[in-house]
Amino acid sequence: CLHLYRDILLKGGNAVDAAIAAMLCSGLTSPQSMGIGGGFFMTFYRRLSFVMTVYRRLSFVMTVYRRLSFVMTIYNFKCPFRLTGPLSIAVPGEIKGYWAVHKKYGRLPWKELFQHAIKMAEEGFALSQGDTNIFFSSYLQEDNVFTLQTISRGFNVVSIRQVFLNKETGKLYRENEIMTRPQLAETLRVIADEGANAFYNGSLTDQIVDDLKDMGSIITRNDFINYEVIEKKPLEITLNGGVRVISPPAPSGGAVLSFILNVLDGYYLTPEDIASDDSKTLTYHRIIETFKYAFSKRTGLADDRFVHELIKTLKSKRYANSVRGQISDLRTYHSHHYGRTDFSDNSFSTSHICVIDQEGNAVSATSTINGRFGSKRRGKRTGVIFNNDMDDFSSPHVINEWGLSPSKANAIVPRKRPLSSMCPCIFVDHHGKVVLILGAAGGSKITTATAWVS
């Protein structure tokens, strides 16, 4: 998909056009990580007019209390429904997000952005070793023979198994074999021709809802009709040297990223701070201690329509100075000193895209279906692999797929977006020139990985 950036820009497209086309392509080549059954955060910077905006397309919870109360009852117990399956699915926001940002900032025709992805899905694409390794390692570690029967232990629904089985061999696709997604190709063609409304309140909606209903989901057509895209001003902090960091507000990890960078900014780090073993040890110690405080603060965050004060606090230079003062260069502390700092080693889902165009406009976008292969469910009529974003909400006494403890702030509420670690960001110098576009995959460690690279 990498060449798509160049191709779209050479056709006269801008950063937004290139990002959408590349994300559609990545949804095919990285089905374990993202796709139109998921959602994303996008940070957009427009150089000439200094427009900075954040699009939040994360899936959101269904709106009817009666149905929601049933889901919350299920989620109060440690049962597999909260991790995979029909009740783990939230309303996908990916397509409506593409539509909103393209309508406002895109340049090329909407339909043109879909053509490469449609062609790939119809004619097929060669799988890399990395792709096939994910298919084999995700759920099938117990077996050396990969047949329809053994695959059922991991991909326990026929509709999802069929995607990754080579029909000629009856086994999982191998490296360099050609994989096709004909049903998804037709779905993408309809969206390209009719716009996002086809997905949310049009010719595809009943098919999608029927797919979900057949699986056992309680999402309705009205949930799709009522889905809203949120555009907001980004969080912005200024570091030493006048560099501005632009990132999305909660429920993303932008506030936590801002906190980390503000704390570390006070150390005035330079290359000399990692030049020797002693200086490197001290610098890494300070960074790790900052990360511990950051993880503890994350547990209090949620959709910013429900949480306000903590976000302001995490942006504050004064608060960062206070935390830096608590970091000792000579010791570390018991985990209770920092607060809850849970995280897991999962890092195989989510995908990030960075684009800058000839005019200096920039896009930083992180997309996900949450867990690896999301809910492990695919629509039989549409070919869409659906997310398991409901697990990103907190449930009492339950640690989620990413090893994170429950939080009251992130409890399930109708039309609420779940908390996420994703933090697509853009660094801009005092002249307004983009100097860095950044984001990451990696579950709960996305935010700290982004801070580490920056």
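For all residues, glycine too, the Cβ spot is worked out from N, Cα and C.
Record note: TrEMBL gives Thr368, Ile369, Asn370, Asp392, Ser420, Ser421 as L-glutamate-binding, and the candidate from Gly325, Gly339, Gly443 in that site is Gly443.
Residues listed for L-glutamate, Thr368, Ile369, Asn370, Asp392, Ser420, Ser421, Gly443, cover a largest CA to CA span of 13 Å.
The two recorded residues Ser421 (L-glutamate binding site) and Thr350 (active site, nucleophile) have their Cα atoms spaced 11 Å from each other.
The Cβ neighbour count for Asn370 (L-glutamate binding site), using a 10 Å radius over every protein chain in view, is 32. In the structure as shown, the Cβ atom of Ser420 (L-glutamate binding site) sits within 10 Å of 29 other Cβ atoms. Under the three-state DSSP scheme, Thr350 (active site, nucleophile) falls in the coil class.
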